[in-house]
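Below is one structure, written out as structure tokens, with a few remarks after it.
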Amino acid sequence: MCSVVVYYHILKSAKIYLYWNSIMIVVNIAHMICSSLRLCFILESAAGPKLHSMDYALLGMNLICFIDIYVRFNTGYRCDETHIVVNRRRIIWHYLRGWFTIDLISCLPVAYILLNTRLHSYRYLLMGHLMSILRVLRLATVVRNLKTFMLIFTDSYIWLRIIRHIVLLGFSVHYSNCIIYMLPVLTYYWNGEICDKYALFLTSINPDLTAFPCTVRYNKALFITVSALVGVDPSSMVKFKSMEEFIVYALIVFYHAMFMVYTVVFLLKIYMTAYSSMMRFHDLMSQMEAYMQHKQLPAQLKKRLRQFYRYRYQEQYYKEDDTLECLSDQLRHEITLHTCHKLVDRLPLLKGLPAGVVGAVLGCLRPEVYLPNDLVMRAGDTGHCMYFVANGTVAVYSLKGAEICHLEDGDHFGEVALLMRDSKRVATVVSVEITQVYRLDAADFRLIVKSNDVLYDRLQVLASQRMHETVLMDDEYRRRRDGTDDLDASALRLN
């Protein structure tokens with residue numbers, strides 16, 4: 001009982017931590033964006049430094065980040081793929097050696113305190129803003145937590161990678177916009193005035209950054225960044241008068257060129273991931289076409305082979321045996337149960353049986369596919385297995401050739417031969433359409449049936465009924481045939 005309670009509290013704590021991580025994703029992203037905007041775009045007025053609404057927003061985020069520090073001191077961490085450290089002393093030491101310093105420095109509201117005390121020192125103010133910008137070093141953690149957060153909504157590898165790439169693209173564009181103004185902003189905070197040799201791309205007449213609204217400056221920087229991202233040279237529309245600006249722009253162009261190469265590789269990888277199985281299927285069909293051409297197979301046989309492969313793989317090629325081989329017996333058993341659960345629901349033979357017996361039957365089934373008019377089994381042959389129809393239709397014929405019935409989804413056949421001493425088939429079965437069946441071999445059949453009396457009795461009753469129906473159908477078929485032969489003989493005598 002105690003272990004159950006502990007397990008419940010662990011699950012509850014994990015759920016709370018997941019919610020908290022989701023909140024911190026939003027807070028960290030907002031903090032990274034707001035702190036860089038505050039430094040590079042919200043410059044002080046001529047009256048001197050003063051509080052801005054962005055400072056109040058950052059103050060609220062800093063308070064949440066302080067709470068996050070407390071949470072980190074009380075949250076276990078994963079030391080490898082299978083172990084989570086929950087020892088309090090190890091947790092504290094691990095955090096102190098890791099992100100504690102960055103988290104603490106980046107959430108100290110130094111700039112807010114300086115502005116609130118009316119301290120007119122631009123250099124101290126610069127240090128306060130730069131401390132907040134250190135939060136960007138947490139970007140890798142945000143991306144990692146974003147992956148965990150996205151697993152709540154989807155486990156698609158493709159969507160997880162796309163969302164992560166979009167976040168990285170957004171941060172790349174935003175921080176490139178900020179870096180464009182970094183030199184004049186740093187000069188402004190260090191010297192207390194705007195240097196007139198920077199940012200002349202805004203206008204050739206008035207290079208004063210404070211004379212332009214934040215949106216104008218951000219849009220201009222965005223234009224330069226997007227141009228660099230897509231490989232367009234804006235030099236004919238943007239003027240660079242200083243070597244420093246040209247170097248900054250060259251670095252931005254180089255970074256975004258590398259980012260575009262990464263994006264192309266990423267898109268190719270996504271494409272290969274999404275369509276690799278389809279391409280493998282078409283490659284398999286190409287090999288099959290070459291094989292059929294080499295063997296000079298007739299057109300009808302080629303058509304049947306193409307039909308079989310399209311149904312078997314559904315245009316998505318995969319090596320099922322290799323995939324299942326590396327799985328544990330438990331996982332293979334669960335896959336089989338999931339694959340055959342519809343079959344189990346439709347099988348009266350397995351209704352009410354213990355789960356262990358049903359699982360044993362399903363674990364021994366082997367899938368087979370038959371095309372229209374394929375012979376599944378022939379009357380008079382020795383029976384080595386029985387079949388369960390997953391989907392499709394088969395026709396059953398007696399030993400004399402009389403059509404007995406059609407079997408469809410959820411039906412089974414072939415069990416009569418396995419219960420008889422001579423193991424001879426009493427009926428012929430032919431597929432009417434593309435039919436998928438599951439084969440249960442004789443050795444597995446006898447092992448399972450002998451261990452369950454209920455299943456054995458059901459099979460005995462079904463086998464007796466089918467034998468009786470087969471005999472009746474044969475007698476009826478023979479009488480009809482004999483009657484037809486007598487009519488034909490009479491007609492010949494009259495003639």
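The backbone N, Cα and C atoms fix where each Cβ goes, glycine too.
When Cβ-Cβ distances below 8 Å are used as the criterion, the transmembrane segment (18-44) is approached by residues 50, 52, 54-55, 57-58, 61-62, 64-65, 68, 71, 106, 111, 122, 126, 129-130, 132-133, 135-136, 138-139, 141-142, 145-146, 148-149, 152, 167, 171, 174-175, 177-178, 181-182, 185, 188, 209-210, 214, 217-218 of the same chain, each at least six residues removed from its ends. Per TrEMBL, transmembrane segment is recorded for 18-44 (among others).
Within the same chain, residues 17, 20, 23-24, 27, 30-31, 34-35, 38, 91-92, 95, 99-100, 103-104, 106-109, 111-112, 132, 135 sit at least 6 positions outside the transmembrane segment (56-73) and bring their C-beta atoms closer than 8 Å to a C-beta of that stretch. As annotated by TrEMBL, transmembrane segment applies to 56-73 (among others).
The feature transmembrane segment is assigned by TrEMBL to 94-115 (among others).
According to TrEMBL, the transmembrane segment annotation covers 121-141 (among others). Packing against the transmembrane segment (121-141) from elsewhere in the chain are residues 28, 31-32, 35-36, 38-39, 44, 49, 58, 62, 65, 99, 102-103, 105-108, 110-115, 171, 175, 186, 188-192: each is 6 or more residues past its ends and has a CB under 8 Å from a CB in it.
Feature annotation from TrEMBL assigns transmembrane segment to 162-183 (among others). Tertiary proximity for the transmembrane segment (162-183) is limited to same-chain residues at least six positions away from its ends with a CB under 8 Å from its CB atoms, namely 29, 32-33, 36-37, 39-41, 136, 139, 142-143, 146-147, 150, 198-199, 209, 217-218, 221-222, 224-226, 228-229, 244-245, 248-249, 251-252, 255-256, 259, 263, 266, 270.
Distant neighbours of the transmembrane segment (246-271): 158, 161-162, 165, 169, 172, 176, 179-180, 182-183, 224-225, 228-231, 240; these residues of the same chain sit at least 6 beyond its ends, with a Cβ under 8 Å from one of its Cβ atoms. Sequence annotations record features per position, and here TrEMBL assigns transmembrane segment to 246-271 (among others).
According to TrEMBL, the feature domain 'Cyclic nucleotide-binding' maps to 349-449.
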Can you work out which residues elsewhere in the same chain, 6+ from the ends of the transmembrane segment (94-115), have a Cβ less than 8 Å from its Cβ atoms? 31, 35, 38, 49-51, 55, 58-59, 61-62, 65-66, 68-69, 72-73, 77, 85, 121, 124-125, 127-129, 131-135, 137-138, 141
Residue counts (helix, strand, coil, in that order) that DSSP gives for the domain 'Cyclic nucleotide-binding' (349-449): 24 helix, 41 strand, 36 coil
Mean pLDDT across the domain 'Cyclic nucleotide-binding' (349-449), rounded to an integer, is what? 86
